[in-house]
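Peer 1: Can you read through this structure? Questions will come right after.
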């Protein structure tokens, strides 16, 4: 599933052709994705100007001139493609040419900017939903989300407070979207490695008995910031389905330190350890037992 860097990469790719442009027409080419489309979905979007395109955790939010918000989630395999009228592209180093088969092109936005925005989702776990601007805080998919890890409010003190007294593992706590929003398996593994913290460590150890942040909390927040920012600059990680809106692959997977590197040498200078994998809460965890404590 796309994580925060992949969704932010998509947002930045859509922003130039969506923000300030009008949705001339919208097509929903089937009745549902993960959930059924609202009966008047396409009609409500037609003629609306996109005033802004934001992101909350792994969700995209298009602010519409009607006062509504278009909530979008990529699901497991969803991707957006921007097709301009001239359809000219300058492929990057990691460009992956998408085929012409449009059987999985389920939603199309025809924009006044001259671009068609196509949502392709083979597994149909993505969804789109129109909500009122005043309903955002009550929206079930958004209301319980924790702070944005790249937001100004997310710091060691906030993370320590959220983890104080927790008896769960550090990795499980970071994957809890109520603790911090948008992190997934890949970037949690990578951040824990950079902070030299074991995924099995108790989350409560990020706080002192007085609830103040420990050194571990400060190192971890720095690592989360670094990993996410580097991944966004690299266009995210393309392991299966993620593509940028140009069709280009993300390439942060070439910078993985532990994720999907089972049996390979640890990249920490002087460590000499080997990357291991174990199943934790139903997901593969990659780590170096020698330098992550």
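Yeah, the Cβs are placed from backbone N, Cα and C, and that goes for glycine too.
The active site, schiff-base intermediate with DNA annotation in Swiss-Prot covers 2. The active site, proton donor annotation in Swiss-Prot covers 3, 58, 283 and is backed by sequence analysis. Residues annotated as DNA binding site in Swiss-Prot: 104, 123, 166. Residues or ranges marked as zinc finger in Swiss-Prot: 257-293.
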Peer 1: Per DSSP, to which secondary structure element type does residue 283 (active site, proton donor) belong, with helix, strand and coil as the options?
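Peer 2: In three-state terms, residue 283 (active site, proton donor) counts as strand.
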Peer 1: Return the member of 3, 58, 104 nearest to residue 283 (active site, proton donor) in space, with distance defined Cα to Cα and candidates limited to these recorded positions.
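Peer 2: So, of the listed recorded positions, the one sitting closest to residue 283 (active site, proton donor) is 3.
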Peer 1: Could you check which of these recorded positions, 2, 123, 166, sit within 10 Å of residue 58 (active site, proton donor), going Cα to Cα?
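Peer 2: For residue 58 (active site, proton donor), the recorded positions whose Cα atoms are within 10 Å come to 2.
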Peer 1: Between residue 123 (DNA binding site) and residue 2 (active site, schiff-base intermediate with DNA), how far is it from one CA atom to the other, in Å?
Peer 2: 13
Peer 1: What average pLDDT does the predicted model assign to the zinc finger (257-293)?
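Peer 2: The average pLDDT of the model in the zinc finger (257-293) works out to 97.
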Peer 1: Just the number: how many Å between the Cα atoms of residue 104 (DNA binding site) and the residue listed as 'active site, schiff-base intermediate with DNA'?
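Peer 2: Between the Cα atoms of residue 104 (DNA binding site) and the residue listed as 'active site, schiff-base intermediate with DNA', the distance comes to 18 Å.
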Peer 1: To which of the recorded positions 58, 104 does the lowest count of other Cβ atoms within 10 Å belong?
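Peer 2: Per-residue Cβ counts within 10 Å for the recorded positions 58, 104 bottom out at 104.
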